[in-house]
Every structure is written in structure tokens, then in C-alpha cells.
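Sequence annotations record features per position, and here Swiss-Prot assigns active site to 275 based on sequence analysis. Marked as ATP binding site by Swiss-Prot on the basis of sequence analysis: 205, 206, 207, 208. The region 'Ribokinase' annotation in Swiss-Prot covers 1-330. Annotation source Swiss-Prot lists region 'Cytidylyltransferase' at 358-489.
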């Protein structure tokens, strides 16, 4: 395991200059249960829709989500989609958008119709003019980009072949960046890799690579042979071929081929996962990572991204949780910050097929009896969520003078235990609402309760879950410890 904390601490000091094709991504979700009487076409009953910044704009948002600063240069039309994108990007604190207006073209917009039940894309509608930018707009792009190069730690070109990255823009940016000693990463669209000559790193997917090199690209040997020929022609330092569930293969100009397998995860939506990969690579390399560390970081980010719906960003906290096992996480990261935070973590665990357990209590003064129950609870599941009574709740249940420790202190002590994967503070006197939200596979309590006394047992068993009672250690209780301490005061 590499020092992720050491690397990620440097992310906030980096500035990435990102240039590429900006898009508006819209996802229309609904159910499909019938065929139209007017034509042999499915009818989607729309239930909700989402609009996100897409294309190179999604790259910029992923850079910012990791805590780095992004100077973003792109094109937008003078239309409603362009206004929406400008407004959204202007609200991103770590993104400095420099958008050139092109009244002659619409803002690229993609609308995807998705079956909500099956998470299947049924249809995509595109509004775009993929022709290269006009000479006037091309010059405006170059004039916007070149003055920003001295401020950047690394340059990222995100090419979707929608008109921004013309041959001239690419050439001028790469030449100027190399003159300043700046590394350039290119996520290419053109099959003519020669137009990216001088770039530090090219990151095609397997299909793009196979088309450009006319190779099979079906094993590491064929990828390496074709990649080294490409680097000889384009004067690059390395070429990375992303291969979805087959991982990533990086071929450096000198040295051994590096292959990083993909994480085993349930794929919900691959839209924008490539954006997440190149954004993470750029930030990691700018922060001083070597090739292998940057690849492993990007692979983990991709695993988080494909577990989300739509065009998604991956935050630094999410990436940290993916890379580091729960036992290595700092205590504060094992405390749910909101219901959304709780829901996201539960969703990620369920998508991995993990068995979720739940127990609860006040845990005012942690003692061996608590530890025995928590350890037993963790043994009965893959991830243990501990519901913790808030200060107000403890006072109502235990009386004045309690709790001895406030809820934050109690949560941090619990979170420091290896047996505990997540702590959730709740305000009610019982955890019934929390259990209903979590829907655990396993509900655990100490053996001083009978099955009928366990709050939420009906909910859990009705959904096919189980209730586990752990034998307690006699002679340990917080109340008795408080009394003994008071007697000695």
C-alpha cells in the first residue's frame, strides 16, 4: 500500500490547466413497460431527470473534487445550455472557467434516456456541431490558453472531437507547455496520434488504441509492442491504455510495462468514468506520484465513479475510503456526516454485495463489555454500522448528569475501533427510524436482551435479515462505573 495520505495532502497545492470540449449532460430516468401504438418503439414513463456538466467540464469538476485548482478553457454557444454551463461552472470554487463564446454553433448537449429499473441506456439524443472551431474562435482559444501555462503544474487536453482541440490549438499548447517544462496529458479522440506529438502521456481506451495502431490490443504484449511504436513516432514518455474491467496498462518509453487490474465492483453507469481517470492521473502526477502510484489512484477513482449514476465526480473522501481499508481510516472519516453521506456509503457497500450489520447504544464510557458485543457484531457481518444516541437522547434515557462524554467524543472512540466501520448519531430515544433507513442484513444486541425486546427486530426479520444476540460480560456497565467513580471522588 502506498502513502495515499502523503500524496493527497499535496493535491490542494496543484493547479491543472484543462482544455477541451464542454458538454451539457442530461439523464432522463423512467420505466419502460409498453410499446407505442404509433410505432414499434418503447415508451418511457419519465420519473425524474438530472442535468450535469459533461465532457471536459466533468474532467474539471473531478479535478476540483480532489481538492486541486483547475483553470478550464472551453467553448460554449450563446444558447440556454451555454448559459446553464457558465452559471454552474462559475459556482465551482476551485474551477476558474475561461469559456469562449461561439455564436455559430450550439453548445454540445447530450440527453440520455435510461431505464431506471435496469440502469440501462435506451437512447441518446445529441445536439452538436463537431466541426473544428473557426479561425477566429481558434485564435481566441489560443489567446486564452497560453497566458495560463505559467500558472499550471500540469496540462490536460480532453479531446471529444467537438471542435475545441483543433490541430493548431493542440500544437501551440503542447509546444508552449514543453518550452516551459510543463507535462501534458492527452485523452485523445483522433485516431491520428501524430497530432499529439510531444505530449507526455496519451490515455486512449482500448478501442481508440486499436483503431489508431491497427493492432488487436487484446493482451499486454500486443499493447506494449504497438505502444512503443507510437511513442517512437510521437516523442511521448508513456502511453496508457484503459480497458474497463480489464484494468489499465501503461507502457513507458523506458522501463517495464505496468498493469493495474480493475477493482471488482458492481458497475452502475460508465458515463464519465474516463474523465475521472484522466483527472485523477493529472492531479496525482502533478503532486509528485510515480507512474504506478498514479495508476493505482486513478483505478480506485474509476471504481468509485462507475458505482454512481450519470456523470459523476469522485471526492477526495470517497477516493480515500476506496484506497484505504476501513481499519486504516481516521476515526473522523468513520462518522457519518449526514443522511446523504450515510446513504452513499450504504449504497456502495450493497453494490459490492457486502453484508451490513447494525447495533446501537449510548456507549458513554466504553468498557470490555461493549468491546465484546461490538467485536461479535462485526464477526456476524462484512460492515458494522453503530447507531449512537445523541447527547439529548442519553439525557432523556439516563437522567441528568449523563452523558459523561459528549456525542462527538463518544463517536470518535467508537470509530477508532477496528470492529466499527461507521458511526451514525441519532436524536430519537430508539433507533427504529435509523434501522428502517439502513435496512441491515444483521441486527445485533447484547444477550441481556430477549429477542422480543430488540428494537427493530420485526423490520429486519420481515426483510429476510437475522437478529443476533451476543453473550455479555457480567460485571461491566457504564452506570456501575459512574457510581464507582463518584464514590471515589
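Glycine too: its Cβ is placed from the backbone N, Cα and C atoms.
Feature map: Swiss-Prot annotations on the structure.
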residue: 205; record: ATP binding site; Cβ contacts under 8 Å, 6 or more apart: 241, 242, 243, 244, 274
residue: 206; record: ATP binding site; Cβ contacts under 8 Å, 6 or more apart: 217, 241, 242, 243, 244, 246
residue: 207; record: ATP binding site; Cβ contacts under 8 Å, 6 or more apart: none
residue: 208; record: ATP binding site; Cβ contacts under 8 Å, 6 or more apart: 188, 189, 191
residue: 275; record: active site; Cβ contacts under 8 Å, 6 or more apart: 55, 56, 58, 59, 62, 158, 187, 311
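Each of 204, 209, 210, 211, 217, 241, 242, 243 belongs to the same chain as 205, 206, 207, 208, is absent from that list, and has a C-beta within 8 angstroms of the C-beta centroid marking the ATP site. Secondary structure at residue 208 (ATP binding site), as computed by DSSP, is helix. Look at the residue listed as 'active site': DSSP puts it in a helix. Confidence in the region 'Cytidylyltransferase' (358-489), given as mean pLDDT, stands at 88. Under DSSP, residues within the region 'Cytidylyltransferase' (358-489) fall into helix, strand and coil as 56 helix, 26 strand, 50 coil.
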